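As structure tokens, the structure follows; a few thoughts come after it.
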Amino acid sequence: MTSPLKNDRFLRALRREPVDRTPVWLMRQAGRYLPEYRATRKAAGSFLGMAKNPEIACEVTLQPLRRFDLDAAILFSDILTIPDAMGLGLYFVEGEGPKFERTVRSAADAGRLDVPDMETELRYVMDAVRVIRRELGGSVPLIGFSGSPWTLACYMVEGGGSKDFARIKALALNDPATLHRLLAVNTDAVIAYLSAQRAAGAQALQVFDTWGGVLSPAMYREFSLPYLQRIARELPRTDASAGDAAQRTPLILFGKGNAAYLADLADSGAEGVGVDWLVELGEAAHRTQGKVALQGNLDPATLYGSPDAIRREVRRALDSYRDGNGGSRDGHVFNLGHGMSPDMNPDHVAVLVDEVHGYSAR
Ligand code: CP3
């Protein structure tokens, strides 16, 4: 478990230490765009069947690393494991995405929720982390993750994905106390979940606030930001015995549509902030003032472009970051601004990774 990492570029970038080239990983790097993933999924039967089997979760986590020179692995799981363990009954409908058998829409519903036990109800996640760490053998660091309290609440209230977030926004307007109760229990659960993943071996932690950007600024500042700030403050990331601040397990707060809040997120106490493609990286660096590492931010649709176009856009993003960061590549983790899609070409991912490493090494 304690074997030194062969490639610690990703962790060094998150600590804003010098790197020989910009590290890169991609949100949803494991998934349906890979034929080997589709084959494993077919044999396993279902997505949840894969996620709940630690050996299969490990195999699928490693698949993109066998093909591409990625600088980090991300646990193969889902953000909706927490509400599932709270008893809401997660299931997937082919072509429709995640659904819940039970929703949370009243004070009574919210009052019934409790933080799940991490080593029983969510043991399969911690077992997957332990198996993946062992199989990685120190090649690259392993990222653990969770949804944000707000993003989890979206699925719990809506009962699945949503286009307009009508039910949760109505709850925010009509019964904010119930929504705050739900967000508070989600926050406790996220902190316990990420702590348990860290204890099991996760070497960095990312919170996905996928739906924070659907809120008006006033609502974001009431229903999402304070809970992200509480996670950044309260999530334990050092070992009391080691006492070495440099070895903190970095926390990355990713948010779609978070450009207007980058200064607040940089002050949250998190080590990294993930940004989408609606803001220039140089501008994001300017707004965050070197207080955090930045992760991002290529438009995922760039992968539909030609290899030449992909290389050009990668160089543009790397240049933008350097421009906003005093000419240095340090403190940047290259990524997409959101996850990959099933119809993307794996060969284009190889081009992206090659250009990030090649161009940033200059
Ligand atoms: O990045 C990775 O490779 C790690 C694995 C990962 C998955 N989900 C696997 C998955 C991660 C980090 C997630 C997070 C997640 N899950 C988020 C936040 C990230 C984001 O994209 O903003 C959200 C909103 C979810 C909820 C969820 N789970 C959705 C919307 C879907 C897709 C449904 C569909 O049919 O497209 C899932 C299922 C899911 N989670 C898949 C994967 C690979 C597809 C499963 C399949 O059908 O094989």
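Cβ atoms here come from the backbone N, Cα and C positions, even for glycine.
Just so you know, TrEMBL annotations are computer predictions that nobody has curated.
Now, the feature entries from TrEMBL:
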BINDING   ARG28, GLN29, ALA30, GLY31, ARG32, ASP78, TYR155, THR210, HIS338  substrate binding site
DOMAIN    23-32  domain 'Uroporphyrinogen decarboxylase (URO-D)'
DOMAIN    143-159  domain 'Uroporphyrinogen decarboxylase (URO-D)'
SITE      ASP78  site 'Transition state stabilizer'
Completion exercise
For HIS338 (substrate binding site) and ASP78 (site 'Transition state stabilizer'), the CA-to-CA distance in whole Å is 15
Exercise for the section: Please determine which of the recorded positions listed here (ALA30, ARG32, ASP78, TYR155, HIS338) has the lowest count of neighbouring CB atoms within 10 Å. Expected result: ARG32
Problem - Inter-residue Cα distance where the pair is ASP78 (site 'Transition state stabilizer') and TYR155 (substrate binding site), in Å - result: 12
Handout entry: Structural state census, the domain 'Uroporphyrinogen decarboxylase (URO-D)' (23-32) (DSSP three-state)
Key = 0 helix, 1 strand, 9 coil
Handout entry: Distant-in-sequence Cβ neighbours of ARG28 (substrate binding site), under 8 Å, six or more positions away
Key = GLY339, MET340, SER341
Practice task
Over the span of the domain 'Uroporphyrinogen decarboxylase (URO-D)' (143-159), count residues by DSSP class, listing helix, strand and coil in order.
Solution key: 10 helix, 5 strand, 2 coil
Practice task
Would you mind reading off the Cα separation of ALA30 (substrate binding site) from ASP78 (site 'Transition state stabilizer'), to the nearest angstrom?
Solution key: 12
Exercise for the section: Would you mind pulling the DSSP three-state label for HIS338 (substrate binding site)? Expected result: coil
Handout entry: Inter-residue C-alpha distance, ASP78 (site 'Transition state stabilizer') and ARG32 (substrate binding site) (nearest angstrom)
Key = 14
Completion exercise
Among ARG28, GLN29, ALA30, GLY31, ARG32, ASP78, TYR155, THR210, HIS338, the record's substrate-binding residues, the widest C-alpha separation in angstrom comes to 23
